[in-house]
Amino acid sequence: LITTFLVMYLLAEFDDAANLLAANPDATTISIDEPTEIPKNQHGRLQEPGREEDDELLGTDDSDKTELLAGQKKSAPFWTFEYYQTFFDVDTYQVLDRIKGSVFPVPGRNFVRLYIRSNPDLYGPFWICATLVFAIAVSGNLSNFFIHLGKPTYRYVPEFRKVSIAATTIYAYAWLVPLALWGFLMWRNSKVMNIVSYSFLEIVCVYGYSLFIYIPTAILWIIPQRVVRWVLVMFSLCLSGSVLVMTFWPAVRDDNRRIALATVGTIVLLHALLSVGCLAYFFDAPELDFPAPIIPAHNGTTLITKIQ
């Protein structure tokens, strides 16, 4: 009896399906007895009801990829440590590659677009400036020692104040000049639409990495030959100045011709003042007249000899 009932039920189902296909040939039929397949991701969500809320709060891999592709990845507030940590998120290979690009500039290749724009950092500029400060201060003291070496009245006294003077000069140049240049480019960008805009962090990167060539130059400034020192400073000035010119000339070349030339000329002039000023103050300081020794004479008088 049960078998007969099942056969009659199936025949009725087939008759209904046949009538439906006859009325609409494009229709499809499914059996309510067959379980539908649940996708794996939906199955996991059904098993864990609280997982969806956790994904929204913590973020999944898919959401991170979507934010990265859309360029809308959330950033931490500026008063948190995580905000400044992103400025130092750079590896050794990137820093070395940027140093190499600043030492060997290639005409026609923009330093920002080629090395900086993908991931601007403050790690390289900070440590380059710190190393340059100590290189100039230590080399300046050694240069002064070698110049006066052998003079009987000279006694070496390390000048620690040169460290603070060098630090103030280098870091002020590496931060204040980029700040002024960034403000000027932003102002000109509001006047002329074709001007290329750089962020403040990108400009600081360019100035920081352009100072790397002065680290070996400061060490070679110990050589007590004025001609050699000036040849070295001119070579370093041309090398690092070309990085700045090739980077910022494309940003102002569409501006008024006089303003563009004046901007690039000011950049080179300030860079030259830094180079020549460091050489003149720390290495080519005028020699001091040391007090002459007092030589007693046989008749009771004293003779004072002056030693230059």
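Numbering starts at 1 and runs along the chain as displayed.
A Cβ is built for glycine as well, from the same backbone N, Cα and C atoms used for every other residue.
Residues or ranges marked as compositional bias 'Acidic residues' in TrEMBL: 51-61. What TrEMBL records for 103-275 is domain 'Yip1'. Annotated region 'Disordered' per TrEMBL: 31-62, in sequence order. The signal peptide feature in TrEMBL is assigned to 1-17. Taken from TrEMBL, the feature transmembrane segment applies to 122-143, 163-187, 199-224, 230-252, 259-283.
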Out of 122-143, 163-187, 259-283, which stretch touches the transmembrane segment (230-252) the most, going by CB pairs under 8 Å?
259-283
Residues sitting near the transmembrane segment (199-224): Cβ under 8 Å, six or more positions beyond its termini, same chain?
87, 98-99, 101-103, 111-112, 115-117, 120-122, 124-126, 128-129, 131-132, 135-136, 139-140, 142-143, 146-147, 170, 173-175, 177-179, 181-182, 232-233, 235-236, 239-241, 243-244, 247-248, 271, 275, 278-279, 282-283
Can you check how the pLDDT averages out over the domain 'Yip1' (103-275)?
89
